[in-house]
């Protein structure tokens, strides 16, 4: 399955998240992420095969903290997640050398609710009628712009996936161009064994239909979890496939810009099934020397130069490096309790090769990852150099022994929690407003055991202890000081609400009560296992490790999830200060 060295050389949890939401880290001027009121980014199209929208996309609205923390009258500005938010407006600032080549300016416009454009043709050509060739079957998934159906070729009986994009949802000329470009790129990359194959594109009066091969073998992480074990050698094989796809894209002038494990699916459940790269909704064509400014991607995987709004194809190598780091350790290299914190870590954080399981990982593997995650894109390894690295080569030095079992456990939690949040994100519509504050008030009361209206350090310690957080006193004190804006020595109700609302803003202003009510179908005030299973079934998500989710989220062990526990889960990025604990 792997690629050889060939090709062109193109140069824990619970209340921890509730409190640490108030951590607004200082930034040095040259490393800060400049905010823009109207800028944000999102994935334009739903997953092309399984119909899942990607969650947790990067937006460019990241506000650095001041050097001191005055008492604000309103919550800090939000960091919005891109897959449900409007695309970025054009970048007008240009601080480059005027003699340098112009930067790519994608004319994204803020999406407004409308009946859509009067579109004569998206594809620019007359096509056959989809239903004359295919029988359209059950829905596989629903996305922001399109719905994915199973379709069957009437002549051969072969199954495919068909993504149908309603024209009325294409509200700007840029939306139309995005659809055209994605189809063009899929055709451009057609023939590569590890790129999803487009079969055809069709258009009628109301929609565009993109027919492609169906990938029914599940996501990359899920396959690893199902097998129960894998070796460093297998990780190297997967790395070759991932980087080989990137090299092929770059050699054809395509930058993916949204590489992450969820965008790699297996064609079938067979042991030797091909791994395919999917979803080119954020991909663009690029020319040598061309730079881009729009902030796109997903938080854990986004490259630092993307956050700084000056990047090119090297950003894909960084994302691949993050994926390989996760394949070897089970956790992402840069994480925090908030998305802004994740961005800070991407820009400045240190790589951890000390914690388990890294002592048992080969030095060659660590060398490769380290060189793929160099922040200076010009010093970062190229795809060709990665494929030629001793660890990544087909006959390379990757160890043929099982990786630490903790890796599998961490991958399982990481994958499962993301999927549940995906469902919740899909069903959120309008603002929680009053309902959201009511939920936070109950959370505050739960920690403020003496009902004084202030959370003391001792109450915070006990609250964290109740949910099993394993933190040093110095770390808890650090959280306390970060949330205590007026330096009173306690966290008052206003500070707590400000911190929590800020975190909800980071979650795309998620209206959590709406999502909770979706799961709580009988209105009991609790989400049961059966309700979770039914919701997952409705969204086509099988084997989502429901028992693991309940164990992680159900803090009082009553076998169900109440609203407070649900809020904790939604605000948890998955990794506490000490990493995921494995029993």
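From the backbone N, Cα and C atoms, a Cβ is placed for every residue, glycine too.
The active site, proton acceptor annotation in Swiss-Prot covers 258. The Cβ neighbour count for residue 258 (active site, proton acceptor), using a 10 Å radius over every protein chain in view, is 25.
Here Swiss-Prot flags 140, 141, 142, 143, 144, 145, 146, 147, 148, 163 as ATP binding site, drawing on sequence analysis. Every protein chain shown contributes to the tally, and the Cβ of residue 142 (ATP binding site) ends up with 17 other Cβ atoms within 10 Å. The secondary structure of residue 142 (ATP binding site), as reduced to three states from DSSP, is extended strand.
The Ca(2+) 1 binding site annotation in Swiss-Prot covers 448, 450, 452, 454, 459. Spatially close to residue 450 (Ca(2+) 1 binding site) yet at least six residues away along the chain are 459, judged by Cβ distances under 8 angstroms.
Per Swiss-Prot, the feature Ca(2+) 2 binding site maps to 484, 486, 488, 490, 495. A coil conformation is recorded for residue 488 (Ca(2+) 2 binding site) in the three-state DSSP classification, outside any helix or strand.
Residue 524 (Ca(2+) 3 binding site) carries neither a helix nor a strand DSSP state and counts as coil. As annotated by Swiss-Prot, Ca(2+) 3 binding site applies to 520, 522, 524, 526, 531, with the evidence given as sequence analysis.
The Ca(2+) 4 binding site annotation in Swiss-Prot covers 554, 556, 558, 560, 565, and the record cites sequence analysis as its basis. For the recorded site, residue 556 (Ca(2+) 4 binding site), the DSSP three-state label reads coil.
Residues annotated as compositional bias 'Polar residues' in Swiss-Prot: 51-62.
The domain 'Protein kinase' annotation in Swiss-Prot covers 134-392, and the record cites sequence analysis as its basis.
Positions annotated as domain 'EF-hand 1' by Swiss-Prot: 435-470.
The feature domain 'EF-hand 3' is assigned by Swiss-Prot to 507-542, with sequence analysis given as support.
Across the domain 'EF-hand 4' (545-576), the prediction's mean pLDDT works out to 75. As annotated by Swiss-Prot, domain 'EF-hand 4' applies to 545-576.
Look at Swiss-Prot and you will find 2 tagged as N-myristoyl glycine, backed by sequence analysis.
Annotated region 'Disordered' per Swiss-Prot: 21-111, in sequence order.
When the neighbouring Cβ atoms lying within 10 Å are counted for each of the binding-site residues (452, 490, 524), the highest count belongs to 490. When the binding-site residues 140, 448, 488, 556, 560 are screened for a Cα within 10 A of the Cα of residue 526 (Ca(2+) 3 binding site), the ones that qualify are 560. Take the CB of residue 146 (ATP binding site) and look out to 10 A: across all protein chains shown you find 26 other CB atoms. Within 10 Å of the C-beta atom of residue 520 (Ca(2+) 3 binding site) sit 21 other C-beta atoms, taking all shown protein chains into account.
Counted within 10 Å of its Cβ, the other Cβ atoms near residue 560 (Ca(2+) 4 binding site) come to 20, all protein chains included.
Of the binding-site residues 522, 531, 554, 556, 565, 565 has the largest number of other Cβ atoms within 10 Å of its own Cβ.
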